[in-house]
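TrEMBL annotations:
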- 19-404: domain 'Major facilitator superfamily (MFS) profile' (DOMAIN)
- 20-40: transmembrane segment (TRANSMEM)
- 52-72: transmembrane segment (TRANSMEM)
- 84-104: transmembrane segment (TRANSMEM)
- 111-128: transmembrane segment (TRANSMEM)
- 148-170: transmembrane segment (TRANSMEM)
- 177-196: transmembrane segment (TRANSMEM)
- 228-250: transmembrane segment (TRANSMEM)
- 262-286: transmembrane segment (TRANSMEM)
- 298-331: transmembrane segment (TRANSMEM)
- 352-376: transmembrane segment (TRANSMEM)
- 382-402: transmembrane segment (TRANSMEM)
Amino acid sequence: MAKVMNPYRALKNKHYRNFWFAQSVSLIGTWIDTTLRGWVAVNLFSEDKAAGFIGFIAFLKGFPSVFFSPIAGVLIDWFGPKTILLYTQLLDAVNAFFMAYLVWKGLLSPFFLLFLSLMMGITSGFYLPSRNTFISNIVPKDMLPNALALHSMIFNVARMIGPTIAGFVVKLYGLEFGFIVNAISFLPLIVVLLLIPDNHAKTYSNLSFKRFFEDLTEGVRYVSKNSVLINTFVGLTMYSLFGMPFGMLMQAFVKSVVKSDILGYGLIMGMMGVGAFIGANIVASINPERLIKLREEFLLAVIGTSILIASIKPALTPYAAFLIGACQSSFFNITNSRTQLLSPSNMKGRTISLYSFINTGGSPTGTFILGILGNLLGVRNVYILSGLILLSFSISRLFPLVNLSKQPKNFQ
């Protein structure tokens with residue numbers, strides 16, 4: 001019988017524990033902000049155009065990572081993840097305070113909403129790879145999957161309670177108060193980052209554009225020659241394009257298909273967060289060596305089926321969201337842990353940046369495309385399409401026409 005490990009063992013590390021608690025506060029604020037921005041977009045436009053606009057916001061918040069994540073990977077390996085992470089949080093805090101100010105003064109317009117979303121997209125290209133690499137720097141290697149799982153747990157707890165808090169805040173105090181809460185939520189994390197020692201061996205010497213492109217190319221070449229990482233990144237691409245839009249277009253789905261309001265949206269996203277919390281706890285208790293060998297295609301099959309259920313029977317959307325949340329957190333923990341544990345320390349910033357490149361670039365791209373299709377075909381039909389694509393992909397990977405016995409052992 002496989003040994004069940006303490007799912008909270010990484011919290012014994014002082015620096016990680018402080019980071020974990022501060023990040024929890026920041027993530028709750030971020031989900032409040034995400035909910036309110038999406039709901040502002042829904043109410044700025046007619047129902048038939050809302051999905052496209054929400055998709056465009058998600059595109060602006062994520063697609064810049066396509067350009068900046070690879071750059072971030074090299075800078076992380078040069079200057080250290082803590083330095084890059086700290087600056088991204090400072091810039092995001094400024095963005096959040098400006099958003100709160102615009103709402104408070106009644107100056108928020110579609111232009112400012114799109115511009116600030118674009119600025120968040122740019123910093124996101126640096127934030128995600130620097131955060132993951134920073135975690136790997138402050139915990140021992142054998143605790144890394146657990147630390148990533150615990151981070152996924154708080155991300156999904158924040159997703160569970162953030163939209164719910166946002167719904168009640170809007171009802172009781174108005175939009176501006178929610179945006180102010182998000183702005184303040186960055187401060188604990190900034191303080192903690194300043195207090196945690198920076199143990200990265202910085203390589204300031206001989207920096208040049210030539211070396212930058214050499215290091216960038218080296219990272220891409222390393223991944224391209226690793227069949228396990230290639231297969232991992234293919235699955236990540238499919239989920240980012242066709243699975244992540246389930247939550248990112250949820251405001252439009254709730255309004256046009258479920259026929260509910262922001263409180264209904266908060267309930268559905270809360271159920272997704274509950275599922276993710278449970279999934280992260282399960283993954284956190286699995287031995288790291290066993291974890292990275294699990295086949296994530298099973299999870300994608302459940303997600304695709306759940307999207308179809310929600311599309312065909314909208315009343316079951318909260319339950320489908322619960323299953324999707326559990327599978328999504330498990331999926332990201334497996335693929336993220338595998339990417340980091342199979343990467344040498346001098347290459348980790350670049351491999352994680354490519355992981356983030358696919359995740360944060362694919363998600364908004366898929367949301368943007370499906371949002372436009374939602375305007376043309378209807379949101380329900382687009383959800384059905386994405387569910388069918390994910391399910392078909394999973395079946396083709398789990399039951400291929402060719403023999404998979406030649407795949408590397410640590411991928412089977």
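Note that Cβ sites are derived from N, Cα and C of the backbone, with glycine treated the same way.
Note: TrEMBL annotation is automatic and uncurated.
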- [ ] Look over the recorded stretches 148-170, 177-196, 298-331, 382-402 and say which has the most C-beta pairs under 8 A to the transmembrane segment (262-286).
- [x] 148-170
Task: Beyond the flanks of the transmembrane segment (177-196) by 6 or more, those residues with Cβ under 8 Å of it - done: 15, 18-19, 21-23, 25-26, 28-30, 32-33, 35-36, 82, 85-86, 89-90, 92-93, 96-97, 99-100, 103-104, 138, 165-166, 169-170
Task: Intrachain neighbours beyond the transmembrane segment (352-376), with Cβ under 8 angstroms and 6 or more residues off its ends - done: 48-49, 51-56, 58-63, 65-66, 69-74, 76, 121, 124-125, 128-129, 132-133, 219-220, 223, 233, 236-237, 240-242, 244-245, 248-249, 252, 332, 335-336, 339-340, 343, 382, 385-386
Open item on the list: If you average per-residue pLDDT over the domain 'Major facilitator superfamily (MFS) profile' (19-404), what number do you get?
Closed with: 82
Open item on the list: Which residues of the chain, 6 or more past the ends of the transmembrane segment (84-104), have a CB below 8 A from one of its CBs?
Closed with: 26, 29, 33, 72, 75-76, 112, 116, 119-120, 123-124, 126-127, 130-131, 134, 175-176, 179-180, 182-183, 185-187, 189-190, 193-194
Task: Recorded stretches the transmembrane segment (111-128) and the transmembrane segment (52-72) touching, at least 3 CB pairs under 8 Å - done: yes
